[in-house]
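Asker: When I checked TrEMBL for this same protein, it listed these features:
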- Tyr139: active site, proton donor (ACT_SITE)
- Lys210: active site, proton acceptor (ACT_SITE)
- Arg192: (S)-malate binding site (BINDING)
- Glu281, Asp282, Asp305: divalent metal cation binding site (BINDING)
- 116-296: domain 'Malic enzyme N-terminal' (DOMAIN)
- 306-421: domain 'Malic enzyme NAD-binding' (DOMAIN)
Amino acid sequence: MAHQQLISALRRRSCSALITKKYNARFLFSEATRPSIVHKRSSDVLHDPWYNKGTAFPMTERDRLDLRGLLPPRVMTFQQQIDRFMTDFGRLERASRDGPSDTTSLAKWRILNRLHDRNETLYYKVLMDNIKQFAPIVYTPTVGLVCQNYSGLFRRPRGMYFSAADRGEMLPMVYNWPADEVDMIVVTDGSRILGLGDLGVQGIGIPIGKLDLYVAAAGINPQRVMPVMIDVGTNNKELRENPLYLGLQQPRLEGEEYLSVIDEFMEAVYTRWPNVIVQFEDFQSKWAFKLLERYRHTCRMFNDDIQGTAGVAVAGLLGAVRAQGLPMSDFAKQKIVVVGAGSAGIGVLNSARQAIARILGGTDASYREATKNFWLIDKMGLVTKERVHIDADAEPFARDPEALHGLKEGASVAEVVACIACA
């Protein structure tokens, strides 16, 4: 009997690939529910967040993967692991600080990030079961603080970085990514991170956080997503002069040089993954619209700020009409004030105008008529045709001063709303 057990053990150890079944996570892609072939053993498995299950490895898998003796003897269930983490989280969020300037929200992010580093499946299960509690930590508002401090927070690389220094090398670079299949890429150039401006390479926190939400809330397979930062420099002088900054310490590329970097990146990722969806996130307005028009007809891509935010906003506007008990056709009679002239604000304007124009018949004349429904306000106030150096994307919505009923260029939100209400 002992002889047969020895032979069985040797056979197990001679396998070139051992199989383990991940937790019963149900993702959109059926591949995630199938057994995974693990080409690692022993401590290498425990150090791989994709396959590590910690104390949840059953004894049969501990034997197959040479883990027996490397873990405490008790096998814990998945739920017991979650309960243990949530208990620790409650304690650590009250006591964890790296210094007097470390805020509570940043301390919470650090705790979650450490779990992500060691056990990816448990991390996503914790998010899925506690999405209301953790979404504000994984993404807004905490992600803004994370991006501002990312160079100092960096411990373990996540995602891919393509830079201006990689021109001519991006196609072979994409094959450095370990996943053979990628369904979703979220990419930023760090030029307009939330309302914080140019954060350069530190903007990688946005794609990471957004994809974490897609996995936890939409069920996308975490092994088939890829956060990406395209580093073309930064115009943030403070970052360029910071010795801890992780990106290129040079001003941003402009014009054709900038476009050549984005073009090479798009060609590289679509060469390896022809069916991937690329989501552009937090690009400054002057490039956001140009890049959308450049690729939208040839690639599976979209700009979340322009199109995603607009879709949600227009749905809300239509819902407001319905909530008043009015027919949908009355949407064409609404007077809408949009505060913010960035890519998101202009995207909302374009989508809402298109919806109104369709109600009015979808002709060129209906588009011109629909434009009269909107008042655009940016950081300098109401945008009118008197504005000097008006942005090309905002120009169609600039109001004619002669038809403003007493309003002037640069009028405040309160002045505009009061004037519209009395008209």
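Any Cβ shown, glycine's included, is placed from N, Cα and C.
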Asker: Out of Tyr139, Glu281, Asp282, Asp305, which of these recorded positions is nearest the residue listed as 'active site, proton acceptor' by C-alpha distance?
Answerer: Tyr139
Asker: Whole-number Å only: compute the distance from the Cα of Asp305 (divalent metal cation binding site) to the Cα of Arg192 ((S)-malate binding site).
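Answerer: Distance (Cα to Cα, whole Å): 11 Å.
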Asker: C-alpha of Asp282 (divalent metal cation binding site) to C-alpha of Tyr139 (active site, proton donor): distance in Å?
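Answerer: A Cα-Cα distance of 13 Å.
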Asker: Below 8 Å Cβ to Cβ and six or more residues apart, same chain only. Which residues does that give for the residue listed as 'active site, proton donor'?
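Answerer: In sequence order, Gly209, Lys210, Asp212, Leu213 meet the Cβ cut-off.
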Asker: In sequence order, which residues at least six apart in the same chain have a CB under 8 Å from the CB of Glu281 (divalent metal cation binding site)?
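Answerer: Listed in sequence order: Val186, Val187, Thr188, Ile206, Pro207, Lys210, Asn303, Asp304, Asp305.
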Asker: Fewest other Cβ atoms within 10 Å: which of the binding-site residues Asp282, Asp305 wins that one? Let me know.
Answerer: Asp305
Asker: Looking at the domain 'Malic enzyme NAD-binding' (306-421) alone, can you tell me the average pLDDT?
Answerer: 91
Asker: To test your reading of the divalent metal cation site: which residues beyond Glu281, Asp282, Asp305, same chain only, put their Cβ within 8 Å of the Cβ centroid of those residues?
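Answerer: Close Cβ neighbours, site residues excluded: Thr188, Arg192, Ile206, Phe280, Phe283, Ala288, Asn303, Asp304, Ser343.
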Asker: Counting every protein chain present, what is the number of Cβ atoms, excluding its own, within 10 Å of the Cβ of Arg192 ((S)-malate binding site)?
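Answerer: Cβ-Cβ neighbours of Arg192 ((S)-malate binding site) within 10 Å number 24.
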Asker: Over the span of the domain 'Malic enzyme NAD-binding' (306-421), count residues by DSSP class, listing helix, strand and coil in order.
Answerer: 64 helix, 13 strand, 39 coil
Asker: Let me check the 10 A CB neighbour count of Lys210 (active site, proton acceptor). How many other CB atoms are there?
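Answerer: Here the count is 22.
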